[in-house]
Amino acid sequence: KQIKMRKLDSTKVRPLKSEQLLHIEDHDFALRPGFGGSPIPVGIDVQVESIDSISEVDMDFTMTLYLRHYWKDERLSFHSNKNKSMTFDGRLIKKIWVPDVFFVHSKRSFIHDTTVENIMLRVYPDGNVLFSLRITVSAMCFMDFSRFPLDTQNCSLQLESYAYNEDDLMLYWKHGNKSLSTDEHISLSQFFIEEFSASSGLAFYSSTGWYNRLFINFALRRHIFFFVLQSYFPAMLMVMLSWVSFWIDRRAVPARVSLGITTVLTMSTIMTGVSASMPQVSYIKAVDVYLWISFLFVFLSVIEYAAVNYLTTIEERKQLKKRGKVSGMYSIDAVQAMAFDGCFHDTDVDMELTDFSDHCEENETRARAASVSDVDTTQIKRKRSLKGNVGRIILQNNHVIDTYSRIIFPSVYIVFNFFYWGLYI
């Protein structure tokens, strides 16, 4: 009866054949191998399958890799006539001791589980163990955008034991610098991967002590051609387009004003688009320097025409005022026409100015014959200050500002581009 009861007892589950071969039930795998003795060495090697994405806004990167652990646990040794290893899947992992390696500064990570969990455990007769995982991890990358988009970013993925400090577990690269390998076809749309390297160090925590830490370092250099097409080249075109107003007649107010406002708004749109795709950092980026200087050139071209238009208006008013004093009446036809259609009609003004010059000559002749005192008055007028002479010259020749602007604006912008690209490249 006792024998029958044992056969019918469903609460007891017979161990699997693999567990019987490895003698899992005979050991306490909650403890690390060699508990109480020297730290257990755990070798690591990594094969990077892909770098999935780099996010400037979130300052992180996503990487898929094969993570392999190597250690020796004599409790898992078994007898084998052919000295062959045994391979298991993830179902045995929960019943034995495995290293508790985690990714420092990771935001999220997962083990791939299609079609089953991508976990492999290989045990050798002498107790050596190979534990392999296929993982996708997203980790922080502290980026510096002061040279963006002409920058190079250095990121690292860091591995460390969570529970065991250096007194219990020694984490190291299994094959030195060759422990880190990459797929030959790894590529990114905006970055060029300059190098991959492996390094190691120690991390200290005030409450738990020193831990071994492994680093997967890689350098990313940004492709500039995308930003040349999307930001730099449009900004150059807008600056050059603003110079077109220097060749337009200064009396064509609607044409020059509309051109200036259009280029200013377009530059504002380009700057907003670049800022929207970047994190809100508190320092100035290289692209900000270029776009703001370009915006300043466009803005100054608008201010330049405002000055030319203002000086032109003052000159015309003075001429009309002088002509009105001679003729006894004020002619405001040109001013009214300019107010209605934005163009200065100088046909009538030139004709009347001719009459004005004739009257001036007659008056001058009469003045010289009338009194010697007029000579003294003329000498006093000639002794005006330098400031007054310069102001009169500018008023009478305000169109010269456009002539100088055609040379000064392009020259200064070319010098700026020369220093900018020489500084950041």
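Quick reminder: no glycine exception, Cβ is built from N, Cα and C everywhere.
Nobody curates TrEMBL annotations by hand; they come from automatic prediction.
Feature annotations, reproduced from TrEMBL:
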DOMAIN    24-223  domain 'Neurotransmitter-gated ion-channel ligand-binding'
DOMAIN    232-319  domain 'Neurotransmitter-gated ion-channel transmembrane'
TRANSMEM  224-247  transmembrane segment
TRANSMEM  259-278  transmembrane segment
TRANSMEM  290-312  transmembrane segment
TRANSMEM  407-424  transmembrane segment
Q) Do you know the DSSP helix, strand and coil residue counts for the domain 'Neurotransmitter-gated ion-channel transmembrane' (232-319)? A) 74 helix, 0 strand, 14 coil
(Q) Can you work out which residues elsewhere in the same chain, 6+ from the ends of the transmembrane segment (290-312), have a Cβ less than 8 Å from its Cβ atoms? (A) 231-232, 235-236, 238-239, 242-243, 245-246, 250-251, 253, 256-257, 260-261, 263-264, 267-268, 270-271, 274, 344, 394-395, 398-399, 401-402, 405, 409, 412-413, 416, 420
(Q) I'm checking region-level scores; what's the whole-number mean pLDDT for the domain 'Neurotransmitter-gated ion-channel ligand-binding' (24-223)? (A) 92
(Q) Please report, as numbers and ranges, the same-chain residues at least 6 past the borders of the transmembrane segment (407-424) whose CB is under 8 Å from any CB of it. (A) 147, 150, 239, 243, 246, 286, 289-290, 293, 297, 300-301
**Q.** Positions whose Cβ lies under 8 angstroms from the transmembrane segment (259-278), at least six residues beyond its ends
**A.** 56-57, 145, 148, 230-231, 234-235, 238-239, 241-242, 244-245, 248, 285, 287, 291-292, 294-295, 298-299, 301-302, 305
